[in-house]
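> There's a structure below that I have some questions on.
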Amino acid sequence: MTRLPILLLLISLVYATPFPQTSKKIGDDATLSCNRNNTNDYVVMSAWYKEPNSIILLAAKSDVLYFDNYTKDKISYDSPYDDLVTTITIKSLTARDAGTYVCAFFMTSPTNDTDKVDYEEYSTELIVNTDSESTIDIILSGSTHSPETSSEKPDYIDNSNCSSVFEIATPEPITDNVEDHTDTVTYTSDSINTVSATSGESTTDETPEPITDKEEDHTVTDTVSYTTVSTSSGIVTTKSTTDDADLYDTYNDNDTVPSTTVGSSTTSISNYKTKDFVEIFGITALIILSAVAIFCITYYICNKRSRKYKTENKV
């Protein structure tokens, strides 16, 4: 009974034995070889293929046949015919060359009159090391601790530490002179908006004038804006005037006051496009062709009658 566990242990060790491995770097040449156990039989053919289903070559006598886009420039077969060892050399290794390579022997007995062929195969694993593996190992072996983030709002900002201060855009200060009682507010903005559409283009130019408000003069400057819209039917120009006093109130008060339009005028100008001229030209050409056709038909009928009349008079 003790022999059975020993036998099972030996079988498990045999099947657990990994394939022979060959480790190379990218760009190097790798030589793979395997020996056959049956040295008495006659080798009919040897083969190399890469798992799972890629045939590299078949060798019979001095003939070597390559498959699956493999060539002798990439893989050279260095084994003499009917040798105990079969060898291939893979040149200029790439990452795609890594994998399990299998060599196979097809043998027959010289004294056997039957066509029985024995088969032996052996596997070798090729490992291609890339330069990126060491870099990945260094990155993975480093610290994976990420800095903690807080969503709490700080109570104050220390201006002495420049690295922790954010640049905040603030409006220009308003100058208030107590003696003169003069408030000066200056607005400067240029806005050009262009809108492109299938029917045409729209362009808006707005340039508000500076506003100066004094207690003594209380001068208010109106803002005039022109809007030009070009469409397929024509060009529409709109002129609007806005009282800047509302803008002054909006700046000084917390409540927002909408802008007021004092007056507006609209002018429409018709415009002809190339399509209209094409239609007119087509209609004119059609009329001319119709007139020519009518003339030709009339001429043909009259000429035919004239010939018929002359023929009858001759008879």
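Heads up, the Cβ atoms here are built off N, Cα and C, so glycines get one too.
Fair warning: this is a prediction, and the values are worked out from it, not measured in the lab.
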> What does Swiss-Prot give as the disulfide partner of CYS103, choosing from CYS34, CYS296?
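Swiss-Prot lists the disulfide between CYS103 and CYS34.
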> Quickly jot the same-chain residues contacting the topological domain 'Intravirion' (304-315) by Cβ under 8 Å, restricted to those at least six beyond its ends, or write none.
none
> Taking DSSP as the reference, which of helix, strand or coil describes ASN69 (N-linked glycosylation site)?
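DSSP call for ASN69 (N-linked glycosylation site): coil, neither helix nor strand.
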> What is the number of residues in the topological domain 'Intravirion' (304-315) that are helix, strand and coil, as DSSP sees it?
11 helix, 0 strand, 1 coil
> In sequence order, which same-chain residues at least six apart have a C-beta under 8 angstroms from ASN37 (N-linked glycosylation site)?
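ASN37 (N-linked glycosylation site) has long-range Cβ partners GLU120.
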> Can you tell me the CA-to-CA distance separating CYS103 (disulfide bond) and ASN69 (N-linked glycosylation site), as a whole number of Å?
18
